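Asks: Sharing a structure with you now.
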């Protein structure tokens, strides 16, 4: 191919240590891999113009995006460059060029703006680790000072971040490793019902702790076990005993945390209690409870910059989402006719026009992602002597291997209450039946047509405000390892399917957002409810604070409880005004009159049972949209009345007509 020398130009400002870079769909631009991206250099004019000269094949169409980030020294000599993405362009259609001359200059204007539209998104964890430290009143006040004079005091907290100095004695020794050069970053966030604030700096005396506010410190670092974190505590109400003219008025004491303490715990999440030392005497005067999570990059998987739907939602009429497939078959007033969360149930909902099917995923003992709603199930046990041939024994799903889940006679925990052992013994399908419970996530991804979207709820143990845990499970998998397995299964087997994650656990939502850049997640919340017990996590207690959390984490939106939305219809518009997508769930959604109201409110998706009761067998909205596009593009199809594309158009016809139609009905990215 004849070469063409292309000079790309972009305008924008950078933070210290950052560069602009570009990534695209050819070898010269890294094939959408940020690790192989091309950095730009600043123009000699000094007008915030950045350039890169790249040789491309003349006449070949090239697609590309710009991003802002850091290029780090390799971990090992001769190793691959490590790249951290801070902000990147996520327009549905990337920039494109088809060079037709020997030399060409492309002025791409302002970073983030393409075709007059600004679309930028935050990056994900590529090689760095993120530490989150939180102070909140979910269970009890985070700060406790024993001195009487502080008994009724309110406190302000300031966090200082420092790297520990390392011994340089071995610097002259031959070593294959090279020190990374990344400055640690600190972001402070305040989340409440009314608002969220994100700051990269703090007042001299920090921010005040409030019962209705979640305070969070986010630290990104390449050395998660080599940080010193210092909490300084100040009395918020400065009374007469405070010495006037003090350099730090109201300073009460200090607590120190070495990040190696967290690393040595080998946990992704937990709570640490640190002693607070008096400013003057250096004696212990109290303690602080620090809630933490550690977020690690997804191992063994490199995220592509080809496309991202993390914050994308195409405006459409409200979508019908099949709850657990064809519906709840265990605990609701009117049970579904097909067993929930089975391939048969999911297929049933899909055949009746469901745009998405919702189902629950967690792990078996041998770490296979399985589809099942509850954290526990009932194992059928045969007694040795008694006349009653079987007994039901409740056991956590995580204590059974995938093979055991397929082969053992298991039933839903409701069988313990009904004592209906005949019902639990009724189904004797073999392990390959689509009616079999506990299908693997991989089986589900491979079995259902790609034109039906998946709303994958990631199960995790939740604690109620009264201290009770879901399924009586106070311990569970390591959160990073748990999510790594589920996310890799989805990313490697999803094809072109539309996928939306969701979870009741706020930290799961945070991790899913930070570990990958492709699929969106919704924060599931029950808000104020008369049906379900209040959750311990402050971020889960009201729909408004759930919205603030979603904004802070920059996730797609929330999945709110219908009970709360019917009581407070204004929440729907409030979410939309904040740029959030809003789904709804709950038994109240099964009522067609409630669904009519919710659609009038403007929700984006409704999750409900027994779609087959309300909709005939029919193509879903994505198939209908695909058919309409084909009719517009192919005159031969304009008068066709057939409801599905596959009935009247062979793949060879699409190929001859140069129309690409993928399995999920997207003939180009604009139609996602």
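Every residue, even glycine, has its Cβ placed from backbone N, Cα and C.
Checked Swiss-Prot, it gives:
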BINDING   68, 86, 87  substrate binding site
DOMAIN    1-113  domain 'CBM20'
DOMAIN    318-618  domain 'GP-PDE'
MOD_RES   175  phosphoserine
MOD_RES   608  phosphotyrosine
Asks: Just to be sure I understand the packing, how many Cβ atoms besides its own are within 10 Å of the Cβ of residue 608 (phosphotyrosine)?
Replies: 28
Asks: Specify the count of other C-beta atoms within 10 Å of the C-beta of residue 86 (substrate binding site).
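Replies: So the number of other Cβ atoms within 10 Å of residue 86 (substrate binding site) is 16.
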Asks: Please work out which residue of 68, 87 has the most C-beta neighbours within 10 angstroms of its C-beta, and give that one of the binding-site residues.
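Replies: Answer by Cβ density within 10 Å: 68.
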Asks: What's the longest C-alpha separation between any two of 68, 86, 87, the listed substrate-binding residues, in angstrom?
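Replies: Farthest Cα pair among residues binding substrate: 6 Å.
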Asks: Could you state the CA-to-CA distance between residue 87 (substrate binding site) and the residue listed as 'phosphotyrosine' to the nearest Å?
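Replies: Pair distance, Cα basis, whole Å: 37 Å.
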Asks: By DSSP, what is the split of the domain 'CBM20' (1-113) into helix, strand and coil residues?
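Replies: Its residues divide into 6 helix, 60 strand, 47 coil.
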Asks: Secondary structure at the residue listed as 'phosphotyrosine' (DSSP, helix/strand/coil)?
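Replies: DSSP call for the residue listed as 'phosphotyrosine': strand.
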Asks: Do me a favour and check the Cα-Cα span between residue 68 (substrate binding site) and the residue listed as 'phosphotyrosine'; whole Å is fine.
Replies: 42
Asks: Suppose the substrate site is 68, 86, 87. Which further residues of the same chain have a Cβ inside 8 angstroms of that site's Cβ centroid?
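Replies: Output for this site, in sequence order: 18, 67, 69, 85, 88, 120, 122, 123.
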Asks: Between residue 86 (substrate binding site) and residue 608 (phosphotyrosine), find the distance joining the two CA atoms and give it rounded to the nearest Å.
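Replies: Here the two Cα atoms are 38 Å apart.
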